[in-house]
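**Student:** One structure follows; several queries about it will come next.
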Amino acid sequence: SLLIPHCFHPFPSSLSFSLCLSHPHLLLYTSLISPFCLNTHIDAFRVFLQRHCPVVAEPFSPTPWCWGGRLQTLVRVLIKSSPQVDYRNELIRTADGGQISLDWVDNGDSAAYPECYSRPTVLILPGLTGNSRQTYVLHAVSQANRRGYRCVVFNNRGFGGEELLTPMTFCAADTSDLERVVLHVRELFPQAPLLGTGVSLGGMLLLNYLARKGSEAGLVAGLTMSVSWDTLESCASLEQPINRLIFNRHLASNLCQAINRHRKMLETVVDVDHVLKARTIREFDERYTSVLFGYKSCLDYYQEASPNYKLPRTTVPILCLNAADDPFSPKHALPVALAKRLPNVALLVTSHGGHIGYLEGLYPRGEGYMDRLFGQFIQAAFDHPGDLKGACSIKEELLD
């Protein structure tokens, strides 16, 4: 399914008209094109979203003084509020002797779900250098908490404040730690429905996990926001002069700081001094990620990390939010062709929003479009499991 909601300025008209003329069944919400409907027999997920998650058709008008994708991306970091969240930390061990830091919000006072064993749980995966303290994570937890759900944030190794016990961190292509976390949560609460949501690299990791596990993923649904679908294209975008200056160098610096913090453990497997000289994400991945995880080249790693071509292997319903002006994920790399023919995948594209931005209103500190989408979707998934399962059933019929 492809969902292009109405925006203050439309998604580029040439693409919109091309899609509409070639595929008149697509549902498009732009200011230039009338909506069309897909056959509901093979598009149960779209019908589900229209009925239970109305924000997908809601106009998104970016903050008037914060228009472009780069500005949306930058300003969110500076201006977004940080809701008060009190976590309970848990450290779990991995098969290789390492440890993973999980931050829980149990929501024991939940009126909607007073029984702990059946309380719906949301698993949140932060971005590349993020953790449970990022503003977008705190807002997501706040949305889930007010609806009575339990949350657990999966902090990537080395970024949750814990010490590395083995010379191993994480990458977008390696789903072993996520598999360990999902199994752990399912063992703790086998009767509680579990939904996964990932932001940026966390979304890539979630999609790769869902593709790898298929019907055995253990999740009722997935939600991704600002995913980089094609890692090579994302790197090329971030290496454009302006993006390199304001985004790429900063992210590379944060990654190097994390490596330096765990130098004693990691210097047994990589040349730390050489890694610390990286000035871009690509240089970091060439010197560290591809080496640590045994790839022949950085290109091989990027191909394995990219979730775009793996979507057909997924079976659970997945809602994916992307902005056409995201400097991290260029619009030409969005998996439009795949989304059009996968009934369990909804690709929601807005003209504006940047990377994890989606700022709206004159003073966009509080709840925004992305937060409302998160809140409505998880509630829809947990409140209407029968309707949601229809998308999976249709996918299975098509595959048979």
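Every residue, even glycine, has its Cβ placed from backbone N, Cα and C.
Features from TrEMBL:
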type	residues	note
ACT_SITE	S200	active site, charge relay system
ACT_SITE	D326	active site, charge relay system
ACT_SITE	H355	active site, charge relay system
DOMAIN	120-361	domain 'AB hydrolase-1'
**Student:** How big is the gap, in Å, between the Cα of D326 (active site, charge relay system) and that of S200 (active site, charge relay system), rounded to a whole number?
**Tutor:** 11
**Student:** In this predicted model, what is the average pLDDT of the domain 'AB hydrolase-1' (120-361)?
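**Tutor:** Taking every residue of the domain 'AB hydrolase-1' (120-361) together, the mean pLDDT is 96.
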**Student:** If I restrict to non-local contacts, at least six residues apart, and a C-beta distance under 8 angstroms, what lies near H355 (active site, charge relay system) in its own chain?
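**Tutor:** Result: G69, Q72, T73, S200, S226, A323, D326, P327, F328, S329.
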**Student:** So if I draw a 10 Å sphere around the Cβ of S200 (active site, charge relay system), how many other Cβ atoms end up inside it?
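**Tutor:** Other Cβ atoms found within 10 Å: 27.
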